[in-house]
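**Q** For reference, TrEMBL lists these features for the protein:
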- A:62-80: transmembrane segment (TRANSMEM)
- A:87-107: transmembrane segment (TRANSMEM)
- A:119-137: transmembrane segment (TRANSMEM)
- A:149-167: transmembrane segment (TRANSMEM)
- A:206-227: transmembrane segment (TRANSMEM)
- A:234-253: transmembrane segment (TRANSMEM)
- A:259-279: transmembrane segment (TRANSMEM)
Amino acid sequence: MDNGFSGNSPPARSRWRKVAYGGMQPGFDDNHTDESFLEEMVMNANVVKRNMLKVMLDTVSISQYLCTVALVVLIWTYTLKSAISEISLLLLDASLLVLGFLVLILTADMLSLNLLFHYFLNISFFTTGLYILSPIYHTLTRSISSDSIWALTVSLLILHLFLHDYSGSTVKPPGALKNPNLTSNISLNASIVASVLIASRLPSRLHVFAIILFSLQIFLFAPLVTYCIKKFSFGLHLCFSFGLIAVTLGFVYHLHRLLFVLLLGLLVSINLVCPYWLIRLQKYKFEINGPWDEAKLCFDITE
Amino acid sequence: MSDSRKHRILMVSDFFYPNFGGVENHIYYLSQCLLKLGHKVVVMTHAYGKRSGVRYMTGGLKVYYVPLRPFFMQNIFPTFYGTLPIVRTILIRENISLVHGHQAFSTLCHEALMHARTMGYKVVFTDHSLYGFADVGSIHMNKVLQFTLADVTQAICVSHTSKENTVLRAGLPPEKVYVIPNAVDTAMFKPAPERLSREEIIIVVISRLVYRKGADLLVEVIPEVCQMHSNVRFIIGGDGPKRVRLEEMREKHSLQDRVEMLGAVPHAHVRSVLISGHIFLNSSLTEAFCIAILEAASCGLLTVSTRVGGVPEVLPDDMIVLAEPDPGDMVRAIGTAISILPRIDPQTMHLRMKKLYSWHDVAKRTEIVYDHALSCCNQSLTDRLSRYLSCGAWAGKLFCLVMIIDFLLWHLLQMWQPAEEIEEVPELVFHNREESWNVNEDHGLI
């Protein structure tokens, strides 16, 4: 029986069926709510149980990156104070580059000579371009006051930290499948603009070149390097992070006591308070799935 | 029918002819049938291109094309109060007793329902779509829907799945939500007079070629089906961003002679495409009801569809083959459909559809909802405000504020342009020249 309204229905109330055809079902109004109503609703199907320790260990990458940025800012401040000469800056650049490559080579599963050469070529082009452009950066913001530049830099860095992709790296290792998303691109660009702004306050062209090169190395490649370390060994990642955090705290303590307290507070809240908070909030999680959800395709669409 | 049961209904939606789709169709056919039942129906929508002002359609259906420009996806720009004067004027001029809004993402519908409630009218709302709960867009839409539905007198959904969805989204008591499905104009979708030969089996797909309609599934399914069944051909009607992918698939597997791409098919030609096939394939990833399946079944085609949303409720099990939305299962379902095809007689199928779905039945059931709505007691502003307040800690207060301002603006309008100054339209009685109201597809205007 599929046309329930065609009459001659037995006097006993026929069962209500979840169908839309055949007109109004005999004995039931259109607003009838059956016991089977919302039967297929699934609650909190995809919720992951989180473990406090795991969350805390995961947040270490955030504090690590925060400290990296703090170190960059420290270098900027010292350079602006003329405490670091351009030669030592260039040496720092070179040693960072070598160190970064060492880490990449040591942690990579496969890194061909060809790829290394490709990297080398790119970097030399990039450095030459930067060197040629540094006179322009040097005079770029001459008509703007230093206060505005600092204010802008700080806001850009905050934007950078907010939108940064902490789970991976915006600059992908070769062969990565996923493209970086919009927010991590915005974040990267904010950091680059911030470094150009700071560099334009410096006394000489060589300074400008050295500091921009340094900032770009950190902002572009530090996430990639730390990502590689983390993939290689989580223990090493933890050691590296704690070392970095300790060094940063030491330097900041040296520079300014209030900033030190601020940074320490921030690190504690990121590593202890926020994980605890997240775990506490889990019980309010309420996720609903049901037949009305859009079906997910079980294969990848290759455009 | 006594005169007291004659309603004067205003249908409001951003979606109406000349635009085409499920909602447009629903409003048009429902209005026509309600007119037949002796009610007065007026439609309000926004201007489409040069079509602005008042128009009359078949059967004396009066349509107000309000001079507001569409801003995004055929919706007007949301201004909250910008539409209040014109809604009020239309309600008074046409001596309306009940306002019926359609579609959850129609801005005009939400605004008109809000104003109508402020002015004390009874309102009914029909939801034609499904929404998830996870992404930001859905969360926003659900809040807007909650606002409108917090004070709606009765709500209608097009399928039971849609009812569950709406109840969850808007937090309505389920008794207030009616399920009245769409229907199909079976007179327009008749099967081919002669039965097609089954030497070659033709599978028809008519849909917009977009992600939500499962165009990517088609790309996976078609080559496999063509490989397994050497006598199958595909006819694909529709256009969209995924058309390129389908054409690529056709090139890659050299299926040019077995997959025909028609491009966009105007609704008037849908039947002629449908009757050239044996099987109708629907690959939607989400669907509240799916009128296309009804049209295909009415033309006598066996349907193969993904089991999503309200689709399983639409047809009896022996008229449809359902599959999970993954390519392997869909290929299996198409195989099943081909094997049971000899048992399907298009004419019998058509006659069954005639019994299962009719717009007159839809109109009669909607009439009951209207009667229920009108018998609800009137509520004062304070009662209604308390209902809004319970919508959420912040949203509730915001909703209240919006409603209070609307109330004040309405009173301001009352002083500025008293209701007595607005002229009521005289009753016009249209005599139908023909008894059957088979509506021609150009939605011809008189």
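Using the three backbone atoms N, Cα and C, a Cβ is placed for every residue, glycine included.
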**Q** At a C-beta cut-off of under 8 Å, are there same-chain residues at least 6 beyond the transmembrane segment (A:234-253) that contact it? List them, or none.
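**A** For the transmembrane segment (A:234-253), the list is 57, 60-61, 63-64, 67-68, 70-71, 74, 226, 259-260, 263-264, 267.
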**Q** For the transmembrane segment (A:149-167) and the transmembrane segment (A:259-279), decide whether they are in contact, meaning at least 3 CB pairs lie under 8 A, counting pairs 6 or more apart in sequence.
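**A** Judged by the Cβ rule, the two regions do not touch, with the required three close pairs absent.
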**Q** Please work out which recorded stretch in A:62-80, A:87-107, A:206-227, A:259-279 has the most C-beta pairs separated by under 8 angstroms from the transmembrane segment (A:119-137)?
**A** A:206-227
